[in-house]
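Since the structure comes first, as structure tokens, the remarks are kept for the end.
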Amino acid sequence: PGVPQGSAPVTSLLSLAVTSEQIEHLHRRFKQLSQDQLTIRKENFDSIPDLEFNPIRGKIVHAFFDKRNLRQESDGLAEEINFEDFLTIMSYFRPIEMNMDEEQLDRFRKEKLKFLFHMYDSDHDGKITLQEYRNVVEELLSGNPHLEKESARSIADGAMMEAASICVGQMGPDQVYEGITFEDFLKMWQGIDIETKMHVRFLNVDTIAHCY
Amino acid sequence: AERSGGSGGAMQPPAASPGPAAPAGAELLRWQWREVQAPCLVAAWILVASLAKIVFHLSRKVTSVVPESCLLILLGLGLGGIVLAVAKKAEYQLEPNMFFLFLLPPIVLDSGYFMPSRLFFDNIGAILTYAVVGTLWNSFATGTALWGLHRAGLMDPGVEAGLMDFLLFGSLISAVDPVAVLAVFEEVHVNETLFIIVFGESLLNDAVTVVLYKVFNSFVELGPAHIHATDYVKGVASFFLVSLGGTAVGLLFAFLLALITRFTKRVRIIEPLFVFLLAYVAYLAAEMVSLSAILAVTFCGICCKKYVEANISQKSRTTVKYTMKTLASSSETIIFMFLGISAVDTSKWTWDTALVLGTLFFILLFRAVGVVLQTYVLNRFRLIPLDRIDQVVMSYGGLRGAVAFALVILLDREKVKAKDYFVATTIVVVFFTVIVQGLTIKPLVTWLKVKRSDHHKPTLNEELHEHAFDHILAAVEDIVGHHGYHYWRDKWEQFDKKYLSQLLMRKSAYRLRDEIWDVYYKLNIRDAISFVDQGGHVHSAAKLALPSMPSRTSMSESSVTNLLRESGSGACLDLQVIDTVRSRRDKEDAAMHHVLRGSLYKPRRRYKASYSRHFISPDKQERQDKEIFRQNMKRRLETFKSTKHNVCSSKSKARLKEKGRKKAIPLLSQKNISLTKETPNGKTHRNVPWQDAAPVLVMVSSEEEESDSSETEKEDDEGIVFVARATDEVLQGKTTPELCKLPLTVPPSASPGSLDVCPSPCIIPPSPTLAEKELPWKGDQADLAVYVSSETTKIVPVDMQKAWNQSISSLESIASPPGIESGPQHRRFACPVLEEQPQSACQAMPEQSSCFQFPSHISKSGRSQSDSSPEGPEQQELQPLMATEEQGRVPPSGEPRWLMFNRASHL
């Protein structure tokens, strides 16, 4: 299988991380998922059996179709994505390079965080509101049937309070914390090396295990 | 020494001694040193070592520069020298048997049990590589190089050793020692990844060391001529057998341990014992079949922890933790001390400069080379590459220790001719690595600017995000169709959740087991503890002030002002408080309220306890947790409430309304905070429009309920709260000036006669709100702001309160099912009071205030019909504290007070 037509810009985009061999593999996988169509629709992800048990699978699949993640000008949700888009999403998960300088690292980090942020910010208003946060936590905890929704809510409330105290500090009396903005999000992540966590090993390894 | 006597200690009581074998005369005492000698010596050594530790830590400066292990070795050298000088021969040394059977297991268990398992398994690839490949490389390279040195004729001709001997020596000298690494690295605080790699390597290389040591030992015994090719194959096979077998034994016992602790609910007291016992049995079992015992205990510890911790009680958890740390720490102390002592025994060792220097040089060199080569390969696969600085620390952190020493002592002098040389070399190497490298690694780490570990407590957000991460990464691997690390981790977690946890965890523990929830819970408890601690400080100050409170003025000067200073320092969240200037007296009132509240806190708790005795009484700890949790939530809600109020302050109408309500029962609300809060906010909200929009504390709503019912009589009743006390003084003729100082507000309309002198709170007459502003709950909030300044955050609080109720109920379901009932219960007994009020308002109000002044019999007599209400016991509980408050004053009799009270209420 040859590298698809759309890969020229993509390879320049991903030139750092993804070798042509990996793109080939991804393309095979893409075709397998899309059942030899040019685009993938949401339903195609239902055919992945391992994904079924993932508590936040909805959010993740959603992220694949989120136009903000696809580096498109417009906002909203794409109906279907082509291989290029697929690669774009995958590129969020590439690991850091040994030879990256500070500035690159910073941009790299922000990109990854943006992806995550978009996943939480489901109404695309640039803020993770309490309700959105609650939804995420509820989904995260949905794997445990014994934890009630209420505890998920109180956890989300607690996390939100914590976020507010981290981001705003002491608030004025009639100040109201509306939600976590991306700047706040960055602040919250200061302590964690996201670049060392958010990556998939596959995207760095030359030899590809074919699992199907 | 075998103990001969059946009973008694060192001194046998005279009555026990007349026996058939009694010597000539009946002995009064018998000197039985021989019988207690062995344990006595052990105890003495431990004592000496522990005392030495205390001495070391007297000076912070010394311990910050010199690792404890160095100091202990030096101490051992000193003690050994003394013993040598006194006894003319070295009596004590580190016995290999004792070391392997008693001293090593606690250390390994401790490190395995408290190993950060996630980090360990995340880096397992690197750890295994360094442990297996690195150790193999080190021992072969060192052995061969030394042999080369020997062949070159650089060594003393007395060193009779062939290639096999040197390889044997290489195998024992090249293994990085867990005890030494732990001792040194714990004080260095390098970043977690680096630490886990070095430390994990030191634990896992045991299998390699054991196998190499045994194989070469048998080769040496056989002699080079008798070694066949099959023996090499056997050697390789035995490596897999020893390592995998050891791991399997560990896993088996971890499983057993988890399973056993699942059923210890009735015998909590022996829970910690199982942990130690089974881990030790795992060690012995592996040792028995000559598998890697260290691996067995390590994996037993790592794997059982999750389930065991979930199963055993909080107290057992603490016990396990401390016992393990104590045992490990004392073992370590003894090991290092005895290393020092053993070194003094010159009869055991023979010096050879070339061998010693050669070994030192080679182990450092080959360690560095090995690390660099392996890291080069590993970095191709690692997502977070190990940089140069990491490699330097890893090379330099390869400390040798007691394991090497014990192994070299175990060598058979008949078979290994050069044993004495090897012993000397090992001692020098161990001392060099522990003392020289141990001393210099800290400056080195600082100099190289190695990334240090930041020990911050996990925040809830981090935990949430990390969880989300795990799922995202697993999902991406699924989508890409690559079965990588995250895929398998995810699969394992599913398996664990589905089968293992179900099998190995108690139902109750399993149900609520979730990392996020755990973190949330812990954070809450932590917040609350710090809150209670700080609040407790204030309370205790108040309590101290209480007895020495002859007059209000002295009190206000001593503790109250301090109290206020403290409370004033925090950011004041409440606009209403800010915009009115508080008079000094009002502040005092607020402080006084604090005092009272502080002393009222405990009785409620006690009362709760006795109340729930009818049910399964919950674990004390759990109860405490609950209490703390409640406190915490209360705090959060109160800060939240203050926001709420502010939000509402713009709607002045609503505010006024609310204020008026609040006024009615300030004290009840304070006292009953925890009780009323549990009231589900159902009907209580009925006629308060703004509350439906955004629910506030039920505390407020209970006040409303109160005020709703007593709206009409409110004018008469409010302000009665502290009047009881005033009336005492009125009765005693000290009347008015004192009265003015009394806390709280008698509203002007309600205060004829003596009461109308009360000036301060009523600056603006008709509105109760102003006075109320200064009053307890407001002061409270200001105080809260002090305690939790960093935490006081506000978010749009849609239905926080509901969430609070829910979290409480979920918490209670952790504790015990009956706990849930407490909500309705409290509510039930809150209700009778409220319902009664219309008819007997004058009685209901005193009942509230009675928690401050009135002994229960008064309130009982005041309302005989509600005697059966559970309020009774509570008041009795409260009484003692009231008494303490009154101690400082002339003890008033109940009668006049009651009279007065009646008067006041009739006013």
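Glycine too: its Cβ is placed from the backbone N, Cα and C atoms.
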For this session: Select from B:99-115, B:507-523 the stretch of residues annotated by TrEMBL as transmembrane segment.
Result: B:99-115
Problem set entry | Range among B:127-146, B:467-486 that TrEMBL annotates as transmembrane segment | B:127-146
For this session: May I ask for the residues of the chain that lie six or more residues beyond the transmembrane segment (B:166-185) and have a Cβ under 8 Å from a Cβ within it?
Result: 67-69, 104, 107-108, 111, 135, 138-144, 146-147, 150, 195, 198-199, 201-203, 205-206, 208-209, 212-213, 216-217, 219-220, 294, 332, 335-336, 359, 363, 366-367, 397-404, 407-408, 411, 416, 418, 422, 425-426, 429-430, 433-434, 437-438, 441
For this session: Please work out whether the transmembrane segment (B:353-373) lies in contact with the transmembrane segment (B:70-87), by counting C-beta pairs under 8 angstroms that are 6 or more apart in sequence and asking whether there are at least 3.
Result: no
Exercise. Under 8 Å, at least three CB pairs between the transmembrane segment (B:267-285) and the transmembrane segment (B:393-411) (pairs 6 or more apart)?
Worked result: no
Exercise. Can at least 3 Cβ pairs under 8 A be found between the transmembrane segment (B:393-411) and the transmembrane segment (B:70-87), with each pair 6 or more apart in sequence?
Worked result: no
Exercise. When each of B:70-87, B:127-146, B:194-216, B:423-445 is checked against the transmembrane segment (B:99-115) for Cβ pairs under 8 Å, which one has the most?
Worked result: B:194-216
Seminar exercise, completed: Answer key: the stretch among B:70-87, B:127-146, B:194-216 with most Cβ pairs under 8 A to the transmembrane segment (B:320-341) is B:70-87
For this session: Please give the sequence-distant neighbours of the transmembrane segment (B:194-216): residues at least 6 beyond its ends with Cβ less than 8 Å from one of its Cβ atoms.
Result: 108, 111-112, 115-116, 119-120, 123-124, 126-128, 130-132, 134-136, 139, 164, 167-168, 171-172, 174-178, 180-182, 185, 231, 234-235, 238-239, 242-243, 246, 290, 292-295, 298, 386, 390, 393-394, 397-398, 403, 407, 450-451, 453
